[in-house]
Structures are given as structure tokens and as C-alpha cells.
């Protein structure tokens, strides 16, 4: 027990904080305060009386859980001055500044506007278009976000601090360029790349590249998104921990293959990932995914992959302290964290097991990373989306190794397209062939009758034995590894 305290105490304390956030997220009873306070008091008293260190360990863990409960309690009951104006059908007039890049969808545009200390989500027609930094005069009714039978939109927005929506209000632009100058410059450059991309490539290839390269998913059709889900390739168009970690792995292999030392490849990969996140506008989800992927690279750079779990848990705890809603209301955060954790803990095992089947080391590494992420994220996918792909290994073998080339060719093609549409179109022909191949794999895979299975109404209680089994298997593997080392 003392050995566990010295080596793994920090992990258990971080888990205790996360558990505290989860307890308050799912439970309304204030009894938890008194129970945990009593546990803390009793264990501290027992520690003082008996000097047994494990009492102190329990006391500290209980204290961290209590911090998680209190932090979640605070954000749940944070005052909201707009609550008296919502759902009254009264027309209100507010003035605010567009807080982030507009999200353009198939038929509508969504704008996030900052009004005083509040965030208001505006649902507008596609035209006229607005941009980041525009100061707007808005007239309309304020509403609470909807709660649908199969999706809690209210909770989804609440994780970003959005409690109010206004649907199709009257909007007047008062002025422009009221945002951060650096952010405005980045988004302006991104918009130019987006315009060039859609000029040099047709749909759906342009839609997939825009999602991969710029984080734009609004223009992808519902059918295309469904096909990506069926083939297990949705991650290539989502700026997630899995996506960025796989890109980081591709970068490391490519840079080392070009002759760089491992240390040089590490710093180059970090810089490229940073530029990539900036290029897509640095949305919070991408920043969080980048941090998790970066920590995985740091652990490998230090030559201590066993520390990856500690790094990830610490990062998750910090993120959950800043925004506790992420734990239960942000599927993207859940998938990113679990995907990177799975890659950190299982990819080496899958890499060794696949050696007789896949002689090419880089391909074997990519498949191992993909399968590791899928093992850890499968329950979340089933719980939230009700289906899981059965052809994930095959489709990822066929597509993932090409992602680095696609992104590099896409960036160069769009840059040349800024100079000349004709030049960009001609030079992007190899890119078009790669994307045509990817869309063919997606379309063909989705048509297979066994491509995916649907399991509805999955209970979260199944998570417990599933992840417990993974923990037990990992512990068994580590014990076997230690026994081999002692021989």
C-alpha cells in the first residue's frame, strides 16, 4: 500500500477529483457534502491517532473529491442575469460582438455573440454573412436551448457557457474589426484558404478536405457524415485527440525518415501541430486535443511512456477545473481523452501483435494507434450514437497512412490557388486523386451490409465492467513484464 502511495498516489487523487465532478454532475443531493466531509474528518483523526499512512491517503483523496463536488456545484449555480428575459416571447434589443468564427451549415449560420458578460447563440439565415469581430444590434426573443428526445441541446451548449439562443432575430451590423487583431488575421487567412480550396476541388472531395484541414464540418452532408460513421473514419474529419495524435505519429515517422534525430523530430512535430491548430482557428476542442497529443509526445521524448497516464490525468483535471461541464456534456472531450489514453496504454501491444500480419512498420504503427483508440472509445460511441463500425481496421489501413500527404498537398494546393485558380487546380490533381480514393473507400465501405452494427439504449452501467476488464488486463500484462525483467 505504501508503495502504491509513493508511485501512484497522484493518479488516485486526480481520479478522486474527477469522480467528485462526476458525482455532482449526476446527483442533486447535498448529502454528499456531509458524507465526504465526515470521511475527511474521520480519516484525519484516525491518521493522527494511529499514524497509519493509508488513512492520510484516503483523507487526501476524499479532499480532492470534495473539491470536485464544490467546483461543479459552483458552475451549476452560477448567477445568470438573462434568465428573467428568456422564454417570455418579449422582444429585446441587445448589442454585442461576434465572439468566434461563424459556423456555416447547409441552410443556416450560427453566430456566437458576446453581450456584456453573457454568450448568446444566434441562429440566422445563410445570408447576409457576418464575421468575427462584427458589432451587431440584435432584436428578437431570447430562448432557452431546446431539449430533444435523443439529444440534450441545452446541456451541449451549457458546456461552453451558452445559456441563451435567439432564433432568426433582426440583425444590424454596427461596425467591424472589434475583435482581437491576431485572431482576426488568422481567421482572415483561414477564410482565404477556404475560398481557394472550394475553387480548386469539387464536392464531396472539397468538403472532406475542408473538414480535415480547416475543421469545417458544417458543409458536409448528413449522408457523408453517416458514411464516415459506418466506416469508422469520422475521426479523419474531426479535430479530436485521436486525429491529432495520429497526425503527430505520422509527422514523427516522416521526420525521422527524412533523417532527423528523434529529439529534432519531436520539436518539429510540436511546431507543426501548433501551426495546424492555429490555422484552423484554435477552437477550444482543438486546443484541448493538441494538449493531450502533445503530452503523449512529451512522454515519448522523455523516454518514460509510463508517465503518459499521469500527464493525461493531470491535464484532464486542469481542464475540468476550468470547465467541469466537459466531463459529462462534451462527447468530444470524452472521446479525445479516451482515444489518447488508449493509444498511450495499448498501442505498443497492438504493434507487437500485428507484426506477423503487417511487415511495414509505419503502417503497423498507424493501425495499432487506431485500434487502441477504438478499444477505449467504443462504449462512448455506442452510448451516444448507438452504432459502431465493424470494418474500422480495414478502412483505417486503407486511409490513415495517406493523411499526412493529403494535408500537405491540400495546404500547398490551396496556397497555389491563391495565386491562380488554374495553377492551383492543375497542381492539385494528385490531391484530387488521393481524395477520390478516400471517398471511394468511404462509399464502398458504407455500402457493405456488415459495415456497422446498431445497438440502441446502451446503459452507462456497462462501462464499469468494460473498463474494469481493461484495467485488469493491463495490470496482468505489467506484472508479466516485470517478471520477465527480473529474470
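Glycine residues also receive a Cβ, built from the backbone N, Cα and C atoms like all the rest.
Here is what TrEMBL says about this protein:
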DOMAIN    30-171  domain 'DUF4131'
TRANSMEM  31-48  transmembrane segment
TRANSMEM  54-76  transmembrane segment
DOMAIN    212-475  domain 'ComEC/Rec2-related protein'
TRANSMEM  236-260  transmembrane segment
TRANSMEM  266-299  transmembrane segment
TRANSMEM  311-327  transmembrane segment
TRANSMEM  333-354  transmembrane segment
TRANSMEM  366-385  transmembrane segment
TRANSMEM  397-419  transmembrane segment
TRANSMEM  426-446  transmembrane segment
TRANSMEM  458-474  transmembrane segment
Spatial neighbours of the transmembrane segment (333-354) far in sequence, C-beta under 8 Å, 6+ residues away: 235, 240-242, 245, 285, 288-289, 292-293, 295-296, 299, 305, 308-309, 312, 316, 319, 326-327, 364-365, 367-369, 371-377, 380-381, 474, 477
Which of 266-299, 366-385, 397-419, 426-446 contacts the transmembrane segment (311-327) most, counting Cβ pairs under 8 Å: 266-299
Helix, strand and coil residues within the domain 'DUF4131' (30-171) as assigned by DSSP: 54 helix, 44 strand, 44 coil
Other parts of the chain folded back onto the transmembrane segment (397-419), taken as Cβ under 8 Å at six or more residues beyond its ends: 192-193, 196-197, 199-201, 209, 212-213, 233, 236, 246-247, 250-251, 254, 276, 358, 362-363, 366-367, 370, 425, 427-428, 430-431, 434-435, 437-438, 441
Same-chain residues near the transmembrane segment (458-474), Cβ under 8 Å, at least 6 residues beyond its ends: 345, 375-376, 379, 382-383, 386
Spatial neighbours of the transmembrane segment (426-446) far in sequence, C-beta under 8 Å, 6+ residues away: 200-201, 204-205, 208-209, 224, 226-228, 230-231, 233, 236, 391, 394-395, 398-399, 402, 405-406, 409-410, 412-413, 416-417
Per-region confidence, the domain 'ComEC/Rec2-related protein' (212-475) (mean pLDDT, whole number): 83
